[in-house]
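J.: Structure provided below as structure tokens; questions to follow.
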Amino acid sequence: MQCSDSIPSAQTGVGSHRERSGEPVRTVVSNLPFEDLKKREQPNRRYEGNAIRTNKYRLWSFIPMNLFEQFHRMANIYFVGLAILNFVPVVNAFQPEVALIPICIILALTAVKDGWEDFRRYQTDQQLNNTPCFIFSRKQMCFVERRWKDVRVGDFVRVLSNEIIPADILLLHTSDPNGVCHMETANLDGETSLKQRKVVPGFSSLVRVLPITKYLERPDKRRTGFGIDSLLLRGCMVRNTDDAAGIVVYAGHETKSMLNNSGPRYKRSKIERKMNTDVLFCVVLLFFMCLIGALGHAIWLETFSSMPSYIVPDSNGNYTPSVLAGFYMFFTMIILLQVMIPVSLYVSIELVKMGQIFFITQDVELYDEELDRRVQCRALNITEDLGQIQYVFSDKTGTLTENKMVFRRCSVMGTEYCHEENAARLAVISGANEEEEVTIYQQTKLPPLFPLEELQDVHTGDKNHANTQVTAASRRRSKVAAEAQSDMAFSSPLETVVVPDRKLILEVDRQMASIQTGPYLDFFLALAICNTVLVSSVTAQRQRVRVNVADLAGAERVGDVLRALTHIFCAANLSNESDGFHSSDVSDAAGQKVISSERKVKSGLSGSEEVCYEAHSPDEAALIHAAKAYGFTMMERTPHYVTVKLPDEALLKFEVLDILTFDSTRRRMSIIVRHPHTKEIIMYTKGADSAIMERLGNVFSGDKIKCVEQWCGWKAVCFSLKVISEQEFRAWSAVRQEALSAIEEKEERLMETANFIESSFTLLGATGIEDRLQESVPETIQALRRAGMQVWVLTGDKPETAINIAYSCKLLEHEDLVFTFSTSRKVLQCQLTNASVPEQTFTGPLMEPSIGLVIDGPTLSMAMSDELVELFVELCKHCRAVLCCRVTPLQKSAVVKLIRQKLRVMTLAVGDGANDVNMIQAADVGIGVSGQEGMQAVMASDFAITRFKHLQRLLLVHGHWCYSRLANMVIYFFYKNVAYVNLLFWYQFFCGFSATAMIDYWLMIFFNLFFTSAPPIMFGIMEKEVSDSTLLSLPELYKRGQHSEGYRRSTFWIAILDAFYQSLVCFFIPYWTYNGSDIGIFAFGTPMNTVSLFTIILHLAIEIKSWTAVHWVIMIGSVLVYFIVTLAYSAICISCNPPSDPYWIMHKQMADPMFYLVCILTTVVALLPR
Amino acid sequence: MMASSYSAKEEDGHHSGSAGLGGTAIRTRKPDNTAFKQQRLPAWQPILTAGTVLPAFFIIGLIFIPIGIGLFVTSNNIKEFEIDYTGTDMSSPCFNCSQSFSWNSTTPCRCVLFFSLDQPFESNVFMYYGLSNFYQNHRRYVKSRDDSQLNGDERSLKEPSKECEPYRTNENKPIAPCGAIANSMFNDTLDLFYIDPNGTQTQIPFIKKGIAWWTDKHVKFRNPSSSNPNLTAVFIDTAKPVNWRKPVYELDTDPENNGFINEDFIVWMRTAALPTFRKLYRIIQKKNNMTPTLPRGNYSLEVTYNYPVRSFEGRKRMILSTISWMGGKNPFLGIAYITVGSICFFLGVVLLFIHHKYGNRNNSSDIPN
């Protein structure tokens, strides 16, 4: 076999050597000749196998490893340290074993949680590792079925249609005669569009068994070059291709999908950081209290001339010197007062956050019926940060806007066609949609009636192509689903159906009829051809439905995809309500529905032939449908041919000579075809207006430019044509081939060739595509503004478009003073100084002019250079709105980081596309909009929403709630523990600072663990000081969280002081009552314990602003549990807890009227200040 | 204090109907539209307003003042007499006894104090001994006992708990009862004599049973192998606490009050919460309705002075007291109730005044909707 890239085996060693030293070269040798060798002698032995292991622990190492990890938390070390301290004999702990219980419970709970998660990972891994696949075996000379884990680098693997690719495979063969293979990367990046992979040049027939050596780059994240065009990635699914085969180059953990798999993110919220410092304060406080105890004890001992009988000597009969006794006492005190930093605090906070997340995800207002998706909380521990956002950075496309392109108008040969009918239709659609919602809204208020349901069935039935099995069950179908259905039925044609402009269609018809050629026809041909849209017929779709989605890598993502699939299916396919369906059927139908309802827009609504387009971007879809509306339907696309049906039903089959794909630097794409009739070589180019205009051959089209400029609200796409002579093409083609096969600097060379041929076009026309604003975007932005948030828009679009959108979404007002910065460096500096200096004079007393700042990418990078950055930040502080245009993803994240660091504010970034990932990760809170552009943003985000408008509710309502709940709960926790611990502390003054507790040790532990833990947790989850409607109507309330007013140092100290006061009351009223009487230690402690329970619970009761049934149950339940447990405990425990058997004390106390009188008085006095 | 404004939000209206239908068979991810999950549970939102706070103040005042007066009167009706017999003073009859101290002196030191009661004590009189500056609540002291030994456990009798160190064994015999608490048991003997105007002394009869808690006497404290009435045999292999004069089985002649179930011992073992405390010593029971338990007149207190308190500057007292439902004499609680009640009432008046003067203006801002 002749392979252009096969290398003599002598170089293999060199290659491997180089790889080890870090050079991006990978040598792969086929395993086949070495099949019989032992494992140690395999040439590819140093590469990893395909078995993966994502679980952290092994069975034997689970406990040590998990403990090791848990001890990375400072708190755990502290608690374990205390527990160990209990065992030191000199501190005289009552029962050292008891002290171990809480920390053990905490550690065990965490370990069980970790272990369970890890076990789930292990199961998924096993499932993946045991998935069958086909590996070529030389002995049997055919592909034999093996498991994924058996795949090794160098194996030849065959993948059938709709199977998942087991490893990163270099494609060497496909069943497709053109050597193409399609794969769906939904599991990798969430994009449901198909990607084309080509067989490595030179391997068009099935590979024979020969040692082949290849160079490939290392699997780092920018794996480009040789592999990318013919690399099938692990986890992806082969589509539209019967089978494909290739050699494994990366296996197991080295595959791209595994490298991309990063674990869940751990962020620390602002409150948590603050809380940690307060925990330190508590430690200091504890330290001082212990110091007082130690000194007190030493001094107290000094007062005795001879030892009294109640001071117990050690076992030898000697008395410890008072200084040493004081020193020991310090540690005993730590043990006594350790409750100050509660073990339960961290656990409670985690529980509370889980509860908060539960309620956020359960919010029906944040549920998107169209996508059947709830809000997703991916970061588990920053819910309260949502309530403290000060800066919002938003992407434009897909976040503020729908990213559903609507064909609005076009201009051909200088004439503008406004498509007013189309515009009118769009207006009608949105109107009708609202109306529909209103009627359904009214209907649901009625009791369910059969006629109505049937009406609904019929109404949706004719829209739903999959609706073949309307059963009786479907009558009970939800009306919400019907609503969703109608939504989808309308939103799809928004993009697909274009009502042709009458004038234009006349023009087209005239040219069609007369000369069969002309600029109008070329224009629409360009629309139809010049794209990368794939056509898939309905039958083709049916083939590829055997989706075994559950086996895919990355269980989480798969789960999402699967849920999305079944969901769309559920919303659409009304008949499948019976539970007896199997999952394969479900995913089958779901798969279809995804394809036909999402942006791969179905064309056959009216026509008989079912043609589905699978477009990479929504504007391509919009354009191809526009062409179709005028009768130019693309029927088929293969790598070598494109077939277009003309309005007169004739088919034109263009031979595709080359495709220069779209990239962001050129910002255009071209297709070079040979016209079937004229045999001319024609290049159609499509691109952004600027990208085309600068390369026009003749300059006669000045008026066109003008009209394109006028459409600045819409995305303008220009089409142009160039006829290339045969010789010219051949010459260029040779250069192109050379560039294609180049190994070094391939990208650059390809770019050069593309730029070379893409010049001196003839402009055909331009189209205007509108990206509609999402619903309620202006309202949301206004609400966020009123809530004191600064809203910035960072977009890659050109300034004109961005400004337009900014006006339409009320980011900028017409009376605003707008600075536009897009100038050179020196001028910028002047501008910055000028702009900020008058600003400062303005801001004072009179009026604050609202300033909008528009800045473009290059200028931004200048503004962010070292010497200007201070000025820039200063200026930004005064701007009402900032709009950054033409910024790269990296710049987006740089801006976010800059603001976050310089201004020390809480930032939130929201975006939907891969280009927002950096920004989302840089911000304190990253929000992904799961929309049109795949799932990368969602994967990187902390929270995923479906519509921009949800941000309003998420921040203003849930953010506020979560923040105030958590802040109050943390404060309360500190208060509670300080109040309780101080009781013990005051007692030290009356027991010679000997660290005696007047409360039974078990009851002390129970007090924190059971009696008083549920109410604050409930408080943290369910408290609602302000209703959601109030929060939404008064966004100003949000400012409380921004300025951290819920949790300030002063609040903390006030709570501590309050705790001191209450503990004084709780201690000294019983003290004076019982002083001098015959009361025993634990009989004395019992009323105190009870009183502090009442005080603590009632304190919370005063804090709680809204009482639901749950509150009542938990509050009263806590008190009841206290009495029941205490009574039971003191009835049973005769000698089970040696030094402090509380036998019958509680009963005795409860029979004494004084007990109640003390309790009532103390509670009232303790709470009177409140 | 709080206004009950029930604002049950029943806006479930249009959503709830659809959720009921949709949630059943379709596996939609739409969240359940229940009041709980949507945080729409009917809630009672207490709002503090002048209208609710003021009555609360008055009510607290009006309830607390009568309680306080009741407590105060009850406490005042309790008759109490206290006499210090420590003997630190040179003039005190017990001065000599207090100076010459040794735990193991064989000859008991006696002293007699005279006192007179101005008022007769009508009902049952409780006789206490009181100690001051005695830290029975010291941590190590509190720990120094073995409850299972006291509960009659044979094994603990032979092998007392480590907590009892250094009062665990004596000359290789286990101490029963072990520990510092038992070791330091109060061992003064007090006798009370009524001196008739004609000079004859009559001893006042004491009851020494019924001074400990019933549960302590019958459940918590038990003699080992209680079937065996011969306590001497039961405690044969044990040593007496070092400070004791007699072993534990010689505390009393009454078998129901001997050994671990001796009530003086049980009372002592219930450690006091505070350094100044009293413990019940004897009860003087009322004889009949005609004569007071302790008539007015002169009495003499005969003390067998055994217990040393000089090392920690402690004081020893004898207290005679009648008791009521609220226990011993303690005016504090009554005064506290009266004070708090008055403060509440006063605050109520002040707030009412402020409210009347500025009320109309404040009213609107006080009540957030």
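Cβ atoms are placed via backbone N, Cα and C, with glycine included.
Features from TrEMBL:
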TRANSMEM  A:75-92  transmembrane segment
TRANSMEM  A:98-116  transmembrane segment
TRANSMEM  A:279-300  transmembrane segment
TRANSMEM  A:325-347  transmembrane segment
BINDING   A:Asp395, A:Thr397, A:Asp912, A:Asp916  Mg(2+) binding site
BINDING   A:Asp395, A:Lys396, A:Thr397, A:Glu620, A:Phe662, A:Lys686, A:Thr795, A:Gly796, A:Asp797, A:Arg886, A:Lys892, A:Asn915, A:Asp916  ATP binding site
ACT_SITE  A:Asp395  active site, 4-aspartylphosphate intermediate
TRANSMEM  A:987-1011  transmembrane segment
TRANSMEM  A:1052-1073  transmembrane segment
TRANSMEM  A:1079-1102  transmembrane segment
TRANSMEM  A:1109-1130  transmembrane segment
TRANSMEM  A:1150-1168  transmembrane segment
J.: So if I exclude everything within five residues of the ends of the transmembrane segment (A:1150-1168), which remaining residues of that chain have a CB under 8 angstroms from its CBs? That is, six or more out.
T.: 1061-1062, 1065-1066, 1069-1070, 1073, 1086-1087, 1090-1091, 1094-1095, 1098-1099, 1102, 1127
J.: Taking A:98-116, A:325-347, A:987-1011, A:1052-1073, A:1109-1130 as candidates, which has the most Cβ pairs under 8 Å with the transmembrane segment (A:75-92)?
T.: A:325-347
J.: Minimum Cβ neighbour count within 10 Å among the binding-site residues A:Asp797, A:Asp912: which residue?
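T.: Candidates: the binding-site residues A:Asp797, A:Asp912. Fewest Cβ atoms within 10 Å: A:Asp797.
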J.: Give me the count of other Cβ atoms within 10 A of the Cβ belonging to A:Thr795 (ATP binding site).
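T.: Around A:Thr795 (ATP binding site), other Cβ atoms within 10 Å: 26.
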J.: What is the Cβ neighbour count of A:Phe662 (ATP binding site) at a 10 Å cut-off, with all protein chains included?
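T.: Its Cβ shell of radius 10 Å holds 17 other Cβ atoms.
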J.: Under 8 angstroms for C-beta pairs, at least 3 of them, ignoring pairs fewer than 6 apart in sequence. Is the transmembrane segment (A:325-347) in contact with the transmembrane segment (A:1079-1102) by that rule?
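T.: No; fewer than 3 Cβ pairs under 8 Å.
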J.: Let me check the 10 A CB neighbour count of A:Asp916 (Mg(2+) binding site). How many other CB atoms are there?
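T.: Taking all protein chains shown, A:Asp916 (Mg(2+) binding site) has 32 Cβ neighbours within 10 Å.
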J.: Can you check which residues sit near A:Asp395 (Mg(2+) binding site), meaning Cβ under 8 Å from its Cβ, same chain, 6 or more apart in sequence, and list them in order?
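T.: The answer is A:Val793, A:Leu794, A:Thr795, A:Lys892, A:Val910, A:Gly911, A:Asp912, A:Gly913, A:Asn915, A:Asp916, A:Met919, A:Val929.
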J.: What whole-number Å value do you get for the CA-CA distance of A:Thr397 (Mg(2+) binding site) and A:Phe662 (ATP binding site)?
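T.: Counting only the Cα atoms, the answer is 18 Å.
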J.: Looking only at residues six or more beyond either end of the transmembrane segment (A:98-116), which have a C-beta under 8 A from one in the stretch?
T.: 56-57, 62-63, 66-67, 69-70, 76, 79-80, 82-83, 86, 335, 343-344, 347, 1001-1002, 1005, 1008-1009
J.: Give me the count of other Cβ atoms within 10 A of the Cβ belonging to A:Thr397 (Mg(2+) binding site).
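T.: Total other Cβ atoms inside 10 Å, all chains included: 25.
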J.: So, in DSSP terms, is A:Asp912 (Mg(2+) binding site) helix, strand, or coil?
T.: coil
J.: Across all chains shown, how many C-beta atoms besides its own are within 10 angstroms of the C-beta of A:Lys892 (ATP binding site)?
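T.: Within a 10 Å radius of the Cβ of A:Lys892 (ATP binding site) lie 29 other Cβ atoms.
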J.: In three-state terms from DSSP, label A:Lys892 (ATP binding site) for me.
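T.: Reduced to three states, the DSSP call for A:Lys892 (ATP binding site) is helix.
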